[in-house]
Each structure stands twice: as structure tokens, then as C-alpha cells.
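These features come from Swiss-Prot:
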- 4-68: domain 'J' (DOMAIN)
- 136-218: zinc finger (ZN_FING)
- 149-156: repeat 'CXXCXGXG motif' (REPEAT)
- CYS149, CYS152, CYS206, CYS209: Zn(2+) 1 binding site (BINDING)
- 166-173: repeat 'CXXCXGXG motif' (REPEAT)
- CYS166, CYS169, CYS192, CYS195: Zn(2+) 2 binding site (BINDING)
- 192-199: repeat 'CXXCXGXG motif' (REPEAT)
- 206-213: repeat 'CXXCXGXG motif' (REPEAT)
Amino acid sequence: MAGDFYEILGVSRDCGKDELKRAYRRLARQYHPDVNKDPGAEEKFKEINRAYEVLSEPETRARYDRFGEAGVSGAGAAGADYGDMGGFADIFETIFSGFGGMGTGATGGGRRRSGPMRGDDLRLDLKLDFKEAIFGGEKEIRIPHLETCKTCSGSGAKAGTSANTCGTCNGTGQVRRATRTPFGSFAQVSVCPTCNGEGQVIAEKCESCGGAGRKQETKKLKITIPAGVDSGTRLRVSREGDAGVKGGPPGDLYVYLAVNADKEFRRDGTNILSEIEISYLQAILGDTVKVKTVDGTEDLTIPAGLQPNKVLILEGKGVPKLGNPVSRGDHLITVKVMIPTKVSREEKELLHQLAKLKGTEHSKGGFEGLLGNLFHNK
């Protein structure tokens, strides 16, 4: 599905049911394949159908508002054929009443909707610490989801009883009403009011789940976080979504990761960035200093004559490549050279002597350039 469902129908996110229906009627009339012969009309019509199917039902609309399309992926499909209109039939009868002979009677007979259905996919947003994202590991999470009722094994019926075929629709889940007009005959197909489209009626409902066949439960599970994930990474945990209906397979759980910022380290792809400060003498003479990395403390060699803001590299100390943790990026360290604003009299004399020795005491860009106004402090 391309685009936001509200944008597809051209309505605001807080629109009412009547406004939603008007927008749907207008667009469905415009893009119905029997009316609009443009190459993209059929695909557009499917998008409009899918958007209205989700937003017209309060329960699926609430899930969509909260989780996006992942939250309603089990509710129908974008490519559903036109023969299974269900509750759309009354709208289409109105939309196309002006087109002679065209109506829902042109579609196939009502198709039973009471078979096994896949459970909905679920979304979980999970925050990770900086190092958790780099090295991965196991994470325990808790998810509320629908599980098959253990009391009735998902049938919805009280123990020792079973569901009966609906006498109103004879198990089809739909009822049809024929209407004759000067423009032709129309058949209005709608969801059976007795069984709610299930095709079956439960006389004695399971006391545990109230006849739904599923119960809301909170489940604890451990998931594996691969090394090298980043904010925006999506993990799929198979079969950990809502339980299916009437023996259908469960949906999947999609975990969206967000990585917390770190006080010392930043990330650029598979490289880690940080900064250290050294004295001007360390920059001039060189040194070996201890630096923090995600692996712990490491030795970093400061070459003599290091220039301010020079970037030194610790190879292989960066982020593992996602899917290939043996391959790692580098740790790039920007070295800040700290120039003192005040020095002791002895230090100043020594620096003057050094400047005279180099013949650069008053020349720009020499020691005086490096040390700023150090020689002129009183």
C-alpha cells in the first residue's frame, strides 16, 4: 500500500464517519474500473477500497492510528477482489445507481468469510543503549497480544458444545436483497446481522473468552538483537503477533529500534567518533595516552608535532557490520590541543628561550602563532 490511508481518501485524521463515507463514495465513483479506463485506475481503486475498509471500522481504525499499516495487516488485503464486497455493497449500490445495470449484482455471489484467518501483525518500539546496539545480545520484552483461548481452544463455544450454521445466511456470512429499478436489477449484499459475517452462531459462549476464541494476554519473550543495529532498524519476530482466528496462523511481531545517544561516543555508519584533549607539550613532543573505546581502554599514540583537530584512527574498533559482525568499522578520534592562557614565570622563560633558539619569537605562525598571546601575558 502506497501512502497514508487518510491521504488516500483525502480526509483529516479526525474526520467523522459521514465525511469518510462521502469521500469514499466520491473517489470510488471516480476510479471504479468499470467507469475509469485509465491504466492506473484499478490499482487506485484497490487503494481506496483498502483505506476505507480499515478506517470505516472503529477497531481497525484505532489500531491503524496507533501502529500504522503493520497494525492492520491482517484486516483484509490491498489486492482483494471485488467479489467480496461485504459491507461495501450498500455504498456501491448508491454510487452506481445512475449507471444502468451496474451494481453489486454484477459481482460474484457472497463468499463465506468464516474460514481460518491469519492474526494481526504487531509493532513494538524498543529503545537500546548505545553499546547494546553495537554488540547486540538478548533482550527480554513484554508484549500484550491476543492468544488462542485455552479453555475453548479458539472455538469460542462452551466446553461440550459447538457453533451452529447461521440460519439467516445459511453459513455464507452475507445476505442479499434484490432491488428492481427502471435502470435494471441490483443485488445489495451486506454482512449478515445475525452472525456478523461469521457464517456460524455460538449458542453457548465460552465463559473464559466470551465467545471470541482469543484472549488478551501479556507475554514475556526474549529476542536476539544482532550486533550493529541502529535507530530505524526493524526486526521481525515470526509468529509472535496476535493469534489467528479459527485455526489461522498467528501474525508476526515487528520490533522498531531506537538507539539512545551516548555522552562520549557518536556514530557515523560503522565508524565511531569521539574527541580527546591533550596539552600543547604532548602535541609538540608526542606521547601515548589512554582513550576510552566501546571495547574498553586502549592506548593511542600521539605523534610528535601533532596539529590541532587532527583525526587519529583506531582500526577495527568501530561498529560491527550488520549481518557480518566479524567486519568492524574504525574509531575516529579528533584530538583537541589545549593552549594554556597562563603559565608560570619559569615556563614562560623556557618558552622564550625556545622561541629565540628557533628564531621565531616575533614571527607569525611560529611558536607565538601556536601559543596565541601567551608571551604577552603580564
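All positions are counted from 1 along the displayed chain.
Keep in mind that glycine also has a Cβ here, set from the backbone N, Cα and C atoms.
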Query raised in the report: Would you call the repeat 'CXXCXGXG motif' (166-173) and the repeat 'CXXCXGXG motif' (149-156) in contact, using three or more Cβ pairs under 8 Å, pairs 6 or more apart in sequence?
Result: no
Query - Cα separation, CYS192 (Zn(2+) 2 binding site) to CYS209 (Zn(2+) 1 binding site) (Å, whole number) - result: 23
Query - Shell of the Zn(2+) 1 site beyond CYS149, CYS152, CYS206, CYS209, same chain only (C-beta within 8 angstroms of their C-beta centre) - result: LYS150, THR151, SER153, GLY154, SER155, GLY156, ALA157, LYS205, GLU207, SER208, GLY210, GLY211, ALA212, GLY213, ARG214, LYS215
**Report entry** Other C-beta atoms that fall within 10 angstroms of the C-beta of CYS166 (Zn(2+) 2 binding site)
**Finding:** 21
Query raised in the report: What is the nearest of the binding-site residues CYS149, CYS152, CYS206 to CYS192 (Zn(2+) 2 binding site), using the Cα of each?
Result: CYS206
Query raised in the report: Distance between CYS152 (Zn(2+) 1 binding site) and CYS195 (Zn(2+) 2 binding site) at the Cα atoms, whole Å?
Result: 19
Query - C-alpha spacing of CYS206 (Zn(2+) 1 binding site) relative to CYS169 (Zn(2+) 2 binding site), in angstrom - result: 23
Report task. Tally the residues of the repeat 'CXXCXGXG motif' (192-199) by DSSP class, grouping H, G and I as helix, E and B as strand, and everything else as coil. Result -> 0 helix, 0 strand, 8 coil
